[in-house]
Amino acid sequence: MDPTLLKRNSYLQPSVRRKPAFPTVTFSRIVYGIISLLWISYFLLLKHDYDHPVTAVNRCEQPKPAAPPSNLSGFTDAPGFAEDSARRLAGAVKIPTMSFDDMGPVDKDTRWAPFKEMHSYLRTTFPTVHTSLDLTVVGGYSLVYTWPGSVKDSKPLMLTAHLDVVPSLTALDRWTYPPFAGIIDGDWIYGRGSGDCKNNLIGILTAVEHLVSSGWKPQRTIILAFGQDEEISGPRGANNIGKYLEEKYGKNGIGMIVDEGGMNIETAYGTEFALPGIAEKGYLNAIIEVDMLGGHSSIPPPHTSIGILSKIVTAIEDSPVFQPHIETASPIWGYLSCVSQHGKSNLVPDWIRKGIQSKKPKMNKIAKKFAEMSVGNRYLLQTSKAPTIFNAGLKSNALAESASVLFNSRIDLFSSPAKVREEYRNLIRPVAEKYSLLFEGAAVSAPPYIGNITVNWKDPHEPSPISPFQIDSPAWLIFSRAVQASFGADVITAPSAMTGNTDTRYYWNLSKNIYRWSPTRAGTKLNIHTVDEKIKIKTHVEGIKFYTELILQSDGMAHIQVD
């Protein structure tokens, strides 16, 4: 304080004419006291922040009280129900609804014939569904069922699966049973599609068949959508389903969509977590081609098209250009928040607990630690780059005039195809410079040029929007309550992501609330897309219970708008 100011303002000076009524408190003591209180408050707040995180990005609240099972889902516990359910799924597995990359028009390609048989099987197996719900066929063989609700302004619940399976024509001698035999052996149902995803298809229809037969009527409209070609990216199935439903209900006209996917129910750090995929990574194919003069192999030039392409492949494979990346809006941040809050405290490592609860978390360190846990974890956070197809050469003594490789990338949720394209170009350009090739028709070094490198970009799509994963979202609340009611109050619903893609890529305009989850426990659905695909009977029955509870939980909130 300026001493001249003290002299000018006598009211700031202690009086010397009267004895003070209270003990004299010096100015320095007041300042000391204030500082002490501030420090105490700081440490108390810091401790509160550490013990009880309250920010929106690291909450993992669960429905309270936990949702109990409904009386209407108890039918799954009835004597003989599990055996009947297994037979229904096995019957669907017996129909070889394989989809191939080169499938032709539905009215000309005979490989679509099994889908007619599947339609007939569903009509016979679920007669009440087919007499009570409206059915529209789109794209040739994709099915859209509608069960109108009584509350007309309540946005529909949409449950989806797909009718097709990946081909199973090779390695047949390695199967315990033929892939389309639909064999029930002990606790397991064997066959192609038993886990991906005719179990979801039959589970959804079984739940709806029961509810219709019991006389239950929905307040919220229910839509069942089953595509015919998810395994080949859904051009005829989900693509047309999405267009049909958007025309009928409008943009964002559906309250909530639940499709296959996610990471099932996993036990981590002493707690069971249900892990729906609330987002999918983006996608891009890069076809890199090297064109050079050919010739006889007995007099080769210093570098050939195959050699140059191999250098490009090595440069891309060896580059650390894509690194694990996490943000507080990430599903994986949400998952780690749930682990921090609900995992057993003696099992959760410090890098999760302290990292998540820190006011200034070290995001790169957390991403790196999570990625180091497994390859699967890494690619939940990191753009991938994998060479999957290589073409070059026609004859042993002739130099290949052209060589090409296809790199497939699944793109980080916070990146884009445009950014990934630029990174590929940055890795390829130095090879063109070093060996004097044109790059995409342009000079990047001094002549003479020995060839040209081109890149064709195929099938780009952006990462999906991230669906809500906080309890204040009605859709997330409905989903979490359905998990509790079907799998137990102690199962924690936490967000996750998808490294692959599903039919939901065509449904982004329909809803902001898209959850990708197959209701199964870890280790009870095995060998998807490979030899001896199988699912436990108990797991299939639990899935039926989940779909029943999901419908009921959604209907219980029919008067609450799900946006």
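Placed from the backbone N, Cα and C atoms, the Cβ positions cover glycine too.
Please treat TrEMBL annotations as automatic predictions, because they have not gone through curation.
Note that the structure is predicted; figures quoted are calculated from it, not measured.
Some features that TrEMBL has for this protein:
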TRANSMEM  21-45  transmembrane segment
BINDING   His162, Asp196, Asp259  Zn(2+) 2 binding site
ACT_SITE  Asp164  active site
BINDING   Asp196, Glu231, His529  Zn(2+) 1 binding site
ACT_SITE  Glu230  active site, proton acceptor
DOMAIN    278-435  domain 'Peptidase M20 dimerisation'
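Using a 10 Å Cα-Cα cut-off from His162 (Zn(2+) 2 binding site), the recorded positions that qualify among Glu230, Glu231, His529 are Glu230, Glu231. Non-local neighbourhood of Asp164 (active site): Thr97, Met98, Ser99, Phe115, Gly227, Gln228, Asp229, Glu230, Glu231, Ile232, Gly237, each in the same chain, at least six residues away, with C-beta under 8 Å from its C-beta. Comparing Asp196 (Zn(2+) 2 binding site) with His529 (Zn(2+) 1 binding site), their Cα atoms are 8 Å apart once rounded. Summary of the Zn(2+) 2 site environment: with the site residues His162, Asp196, Asp259 set aside, the chain residues having Cβ atoms within 8 Å of the Cβ mean position are Thr160, Ala161, Cys197, Asn200, Gly227, Glu230, Glu260, Gly261, Thr502, Asp503, Ser518. For the pair formed by His529 (Zn(2+) 1 binding site) and Asp259 (Zn(2+) 2 binding site), distance between Cα atoms is given as 18 Å, rounded to the nearest Å.
Its Cβ placed at the centre, Glu231 (Zn(2+) 1 binding site) has 22 other Cβ atoms within 10 Å. In three-state terms derived from DSSP, Asp196 (Zn(2+) 2 binding site) belongs to neither a helical nor a strand segment and is classed as coil.
Note: Asp259 (Zn(2+) 2 binding site) has non-local neighbours Thr160, Ala161, Thr502, Asp503, Thr504, Tyr507, Ile514, Tyr515, Arg516, Trp517, i.e. same-chain residues 6+ apart with C-beta under 8 A of its own C-beta. Highlighted in sequence order, Val165, Val166, Gly193, Cys197, Ile528 have their Cβ within 8 Å of the centre of the Cβ atoms of Asp196, Glu231, His529, the residues recorded for Zn(2+) 1, and are not part of that set. The predicted model assigns the domain 'Peptidase M20 dimerisation' (278-435) a mean pLDDT of 97.
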